[in-house]
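Peer 1: Would you mind keeping the following structure in view while I ask a few things?
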Amino acid sequence: MMVGSSSEKKIPLYDEQNDYINEDHISEFAKALVWQDYDDVSTTAPTTPLNGPLDMGDLSLLGGELGNGSDDVVVGDDDDDDDDDDDDDDDDDDDKTKYSSPQLKAAQEINDEATEIGAVPATTKPDLISSKNDWFPINSENLNPNSKRTKFAKSSKSSKSKSTSPIRALQNEFRNSASFTLLRWPILTFVVIWVTILGFLYLAVRVYVALLEYFFTWTGERKRLRDKLRQSTTYKEWIENAKELDKYLGLDKWATNPKFSYYDSQTVQLTINKLKKARLNNSMPELLILLQGCLKRNFAGIENRQLYSHMYYGTKNLVQDYYKEVVICINKVIESNEINSETKYKFFKTVLQNFGKSALCLSGGACFAYTHFGIAKALLDQDLLPNIISGTSGGGLIAALLCTRTNEELKKLLVPQLARKITACEDPWYVWIPRLLKTGARFDSVAWARKSNFFTKGSTTFEEAMAMTGRKLNISTVPADPHSPVILCNDITSPHCIIWSTLLASSAVPGILNPVVLMMKNPVNGAVVPFSLGSKWRDGSLRTDIPIDALNTYYHVNFTIVSQVNPHISLFFFAPKGTVGRPVSMSKRKTAKEKFASFRGGFIATALEQLFRLEIKKWLQIVKSLDLLPHVLQQDWSNVWLQNFTGTITIWPRNRLIDFWYILSDPNEKQMEEIITKGERSMYPKILFIKNRLSIEKAIEKGRKTSTAELRETQMNVALASDDDEDYVPSDYSLAKFKDRIGVTSKDFDMLGSTLRDDDADADVDEDDNEDEDEEDEDENDYEEYDVEDLDDPYESDAFDPHIVLTKERRHTVY
């Protein structure tokens with residue numbers, strides 16, 4: 001009865017019955033892992049234990065039917081064949097008696113033929129010379145001394161003694177001096193001791209500030225109102241509670257005074273007055289010029305975080321008036337019939353480039369990353385989810401879900417029942433501990449590939465995801481080689497790359513998951529093949545957790561919303577001057593005197609906190625610059641602390657001490673409900689800032705789309721690119737204008753054309769030349785140019801009226 005009643009209460013999850021797993025794609029991924037490891041004879045990565053013989057029951061995992069892999073043989077060592085002929089004959093007899101089905105017998109015959117030529121057939125796991133295991137060094141001494149692999153290594157040791165791995169060579173180039181050898185470890189020991197002392201001092205300052213606020217600041221009615229604010233269940237309820245707390249503390253008076261040192265209030269007020277005057281007078285030329293001047297990132301400092309850090313909800317009234325007036329004026333331009341469609345198009349394209357775009361960046365952080373579900377839900381409920389989303393490690397899983405589902409689907413999926421699809425850590429200890437000891441990783445790559453397919457909607461590529469939802473997904477990964485550059489996988493750098501393979505690579509933390517091969521769909525035939533020549537990739541958070549620079553390069557992003565849940569970074573979040581939606585607590589006595597600025601914990605405590613934190617960072621930077629830290633597991637771990645982990649807006653969800661116990665465990669539905677709620681409440685204080693920014697961004701995007709549609713209607717013969725980076729303005733070129741410019745009459749032009757036709761008829765062109773010309777024509781079509789003619793509008797500003805040639809360029813991709 002108990003089981004039946006619980007099953008009846010089970011709430012179904014949208015699309016729960018679909019796992020979207022393509023077994024063929026998983027099989028190709030598994031084969032790529034195996035064969036890539038075998039081919040890496042001179043790899044710079046550590047090695048794995050030897051693979052055992054392949055069980056015939058597992059062949060579906062490595063390539064499907066037996067006959068399909070019969071030609072995939074790897075040449076072995078010829079020297080060992082003669083010595084082991086008798087043993088091979090005995091093994092063959094045993095194998096023939098073991099495999100009786102026709103397919104297995106055919107596979108055995110292939111094995112016999114391969115043995116005669118000194119090769120290892122594809123139906124047997126190869127003895128890996130080296131692979132991407134994170135725990136054991138190259139040519140590990142832990143190998144079995146009686147194995148063929150060890151004998152081969154010893155026999156070839158003399159011939160390879162002079163060769164070293166690229167990583168070791170790079171290290172030796174900078175570590176070969178006598179002074180470095182002599183002073184490295186003493187300096188490193190001193191730094192470790194000194195940083196440890198600084199860490200204890202930093203902890204003491206933080207404890208002092210926390211106790212001061214707990215016992216002296218947040219007491220009585222103030223504490224009751226703050227607790228009420230923290231327990232808000234909806235954003236509307238949160239706004240009401242925040243306004244009540246602001247009124248009690250007297251912070252609402254701060255919003256009425258337009259003067260503030262962190263932005264130019266006079267410029268903002270003057271801009272509002274001029275925009276309103278031009279709009280009311282219906283002076284469209286002046287309105288266009290004014291809008292182009294103010295539609296820029298952080299105009300007059302209105303995007304300064306301090307404007308939102310002095311109240312729990314709200315900012316300066318003047319700032320709110322500015323955003324409202326600008327949006328009204330943009331809509332006025334969109335609806336105006338006095339401006340032709342081409343002028344509108346050029347105007348909105350220009351201001352969109354000046355204003356920039358917004359992006360949501362989700363950090364890594366193991367199971368803490370599930371807090372991003374609540375962050376995304378809060379943005380989705382307010383229709384504020386950006387179209388550009390990046391994710392790293394655990395954050396990549398949430399980013400993939402957001403970019404492969406529509407808004408309607410996400411509203412059905414971002415619920416506690418989603419926990420039933422999160423099974424990455426379901427293996428018990430007696431399963432993953434042997435795997436960790438054997439492979440150097442707690443989790444299995446192929447198993448994770450299957451489990452991630454639901455979140456990526458199967459083997460969806462970056463290009464396909466953008467076509468489905470209009471969102472641009474970005475996953476940060478780094479090569480297994482620590483000296484290779486980071487790649488941000490997206491629809492530009494890797495449009496055909498399969499998303500779930502990048503998720504595995506972005507989660508490949510040493511000891512958790514071994515580096516994996518990225519997979520892609522061949523754009524010609526759709527076959528799944530390794531990406532980037534089969535190189536292996538690992539967790540991007542090791543070097544680039546928040547790829548702000550790359551997002552700016554690819555998508556012109558200059559406003560980032562960062563959800564930061566990395567536990568080793570959250571510990572150092574202090575906000576001495578307050579942060580968005582969380583002002584520094586101060587007494588009512590100060591606010592009554594209209595003194596709204598104060599350092600958290602006082603000036604001395606803030607100064608000490610800054611001193612100790614920056615001192616720790618300085619010594620870590622010295623260690624990295626001098627290359628003093630050993631590269632444990634072939635990784636420079638100093639990058640984990642020295643990255644840029646923040647954005648324009650950074651959300652720091654609160655973590656309890658008990659949460660660290662579940663850092664590598666799957667949440668149940670109750671825990672998932674708490675996690676989503678925690679993420680939503682962390683997002684509420686930031687929504688107003690984001691809403692103001694996106695109100696202008698959405699209005700500009702609306703104008704761009706509207707003007708593009710109008711231009712298509714008026715000039716149907718010109719194809720406009722739908723992508724932001726490939727938009728171009730059509731030309732008003734005509735044959736009559738061309739004749740007037742070159743000074744010829746229609747009769748002269750016809751004579752010139754007749755002469756050219758006669759020359760073409762007499763020309764003797766080879767077939768090879770024709771083919772070359774056809775190929776050149778195709779290339780020219782890909783780079784077709786469109787001239788922009790002057791519209792002779794009296795009000796058009798020079799900034800968006802250039803005589804330029806816009807080129808539709810081919811995207812550079814790596815297949």
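Any Cβ shown, glycine's included, is placed from N, Cα and C.
According to Swiss-Prot, the active site, nucleophile annotation covers S393. Annotation comment: Swiss-Prot describes D539 as active site, proton acceptor, evidence class sequence analysis. Annotation comment: Swiss-Prot describes 41-50 as compositional bias 'Polar residues'. Annotated compositional bias 'Basic residues' per Swiss-Prot: 148-160, in sequence order. Marked as domain 'PNPLA' by Swiss-Prot: 360-552. Residues or ranges marked as region 'Disordered' by Swiss-Prot: 41-105, 140-166, 753-815. Feature annotation from Swiss-Prot assigns motif 'GXSXG' to 391-395; the stated evidence is sequence analysis. According to Swiss-Prot, the feature transmembrane segment maps to 185-205.
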Peer 1: Excluding the flanking five residues on each side, which residues at least 6 beyond the ends of the transmembrane segment (185-205) place their CB within less than 8 Å of a CB in that stretch?
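Peer 2: Distant contacts of the transmembrane segment (185-205): 601, 605, 608-609, 612-613, 615-616, 619-620, 622-623, 626, 628-629.
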Peer 1: Express the predicted model's confidence over the motif 'GXSXG' (391-395) as a mean pLDDT, rounded to an integer.
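Peer 2: That stretch averages a pLDDT of 92.
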Peer 1: May I have the DSSP-based helix, strand and coil counts for the residues of the motif 'GXSXG' (391-395)?
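Peer 2: DSSP composition of the motif 'GXSXG' (391-395): 2 helix, 1 strand, 2 coil.
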Peer 1: Give the number of CB atoms, excluding that of S393 (active site, nucleophile) itself, located within 10 Å of its CB.
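Peer 2: I get 30 for this one.
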